[in-house]
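Asker: The structure follows.
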Amino acid sequence: MSGHRRLPQLHRPKESRLPSGKESSQPELRQWSHVLLATEDGQLYAWGHNGYSQLGNGSTNQGLSPVLVTANLTNKQIVQVSCGSHHSLALTHDGEVFAWGYNNCGQIGSGSTANQPYPRRVTGCLQGKSAVSISCGQTSSMSVCDNGEVFGWGYNGNGQLGIGNNGNQLAPSRVLALQGVCVQQLVCGYGHCLALSDEGVCYSWGSNTYGQLGTGNKSNQLSPVRIMTDKERVVEVAACHSTHTSAAKTQSGQVYMWGQCRGQSLLLPALTHFLSTDDVFAGFASPSVMWRLVSVEPDDFLTVAEALRKEFDSPETSDLKFSVEGKCIHVHKALLKIRCEHFRSMFRSQWTEDQQEVIEIGQFSFPVYRSFLQFLYTDTVDLPPEDAIGLLDLATSYCENRLKRLCQQIIKRGITVENAFTLLSAAIKYDAEDLEEFCFRFCVNHLTQVTQTQAFWQSDGAMLKDFISRASRCGAFKN
């Protein structure tokens with residue numbers, strides 16, 4: 001997730017997993033630990049706490065793994081879901097709203113306060129209308145229709161339904177104060193709501209104990225009031241039903257927050273340094289539950305770097321092969337010319353279209369040369385220190401200074417008493433001064449053990465004399 005978006009505080013069993021082959025399109029995760037998930041093909045899954053049948057399966061047994069919700073949803077394609085504390089909403093592709101679970105305040109919209117064990121279509125004032133979005137407060141429900149009209153039902157003790165009074169509503173009621181306003185986004189906090197019009201105007205209503213309405217005071221509002229009137233056009237509003245925090249983003253990318261923020265009450269929208277409203281809830285809301293619906297979509301797009309990494313040593317797309325120790329490595333001439341001066345010069349001066357497109361390499365081992373070519377595709381090296389010596393030789397021969405530095409880092413990280421003298425010899429041979437000093441110091445610091453290794457005694461006489469002389473000058477043999 002981008003913008004350091006934090007996951008909800010959700011107690012999910014380890015056994016919980018999405019059924020094989022299903023891709024998540026719109027899951028809704030909430031602190032009260034029941035989960036709704038709509039797949040890309042419109043199926044609905046639920047799991048978690050189920051004391052009021054908020055999973056929609058007719059029982060009150062806790063769901064330990066995702067279970068398909070089918071009751072009353074046959075041939076329905078679910079496109080959006082939302083969770084209250086103990087009730088659930090789902091929106092179909094056809095604009096129908098379904099609700100189920102706890103209904104003590106009428107949050108199911110059925111006209112009564114009887115709990116609803118299975119998904120039930122919300123009708124009443126929504127009959128014949130097409131909803132485009134849904135949102136749950138703690139014990140209230142809201143919906144926006146395709147013409148911008150807003151409807152609310154359920155608990156209204158703080159005026160969170162925006163209908164001008166504080167009486168609970170057992171069926172959908174239209175927010176008449178927004179007549180003439182085309183709402184394009186609506187979000188619910190614990191006991192308040194924010195709405196954004198298609199003209200970029202922000203409205204708030206409901207509970208204001210912590211200043212979450214952004215009106216400059218702590219008075220509840222039974223009807224929508226316009227806020228942020230001195231700011232530029234608003235493009236996004238944010239709230240989460242588990243917190244009393246509000247946020248908004250303006251056209252130029254400025255992010256504001258207000259309400260309960262880390263125990264403080266901000267009565268007016270305060271400018272932040274954030275780039276995303278998600279960061280407000282990650283850093284300042286308590287608990288740090290994200291406000292936005294989680295969307296996990298398949299993404300087969302590859303960046304340039306990912307595409308190059310994927311095509312390394314690919315026989316299907318390559319136009320050139322290297323043969324090393326009888327094994328082939330498939331590459332692309334254009335990329336080699338772009339990435340390496342050695343190949344650019346070789347192809348310019350020697351290569352013709354008539355030549356066979358297989359190049360024999362005898363100077364280096366297969367692991368070394370393959371790692372070098374892979375480096376040209378990935379900018380990374382994965383070799384043991386002993387093979388990195390050979391790659392260091394290649395990097396020196398081909399004047400690849402960055403690769404040379406990477407090899408030195410690998411050797412430094414992998415130095416041991418057993419290979420220290422071998423690595424020192426290689427550093428001297430390949431004129432790697434920094435690596436040479438590092439290996440020399442290691443050998444001096446572990447002198448007794450290094451001088452007992454096979455590599456030490458198998459080195460040539462000139463190398464031994466030079467090492468002993470140099471070690472002596474730095475005081476390695478003083479008592």
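Placed from the backbone N, Cα and C atoms, the Cβ positions cover glycine too.
Okay, these came from TrEMBL:
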- 1-11: compositional bias 'Basic residues' (COMPBIAS)
- 318-385: domain 'BTB' (DOMAIN)
- 1-28: region 'Disordered' (REGION)
- 42-94: repeat 'RCC1' (REPEAT)
- 95-147: repeat 'RCC1' (REPEAT)
- 148-199: repeat 'RCC1' (REPEAT)
- 200-251: repeat 'RCC1' (REPEAT)
Asker: Kindly report the helix/strand/coil residue split of the domain 'BTB' (318-385) according to DSSP, in that order.
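Answerer: Counting residues by DSSP class gives 30 helix, 14 strand, 24 coil.
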Asker: Taking every residue in the repeat 'RCC1' (148-199), what is their average pLDDT?
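Answerer: Within the repeat 'RCC1' (148-199), the model's average pLDDT equals 97.
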Asker: Could you put numbers on the helix, strand and coil content of the repeat 'RCC1' (42-94), residue by residue per DSSP?
Answerer: 0 helix, 23 strand, 30 coil
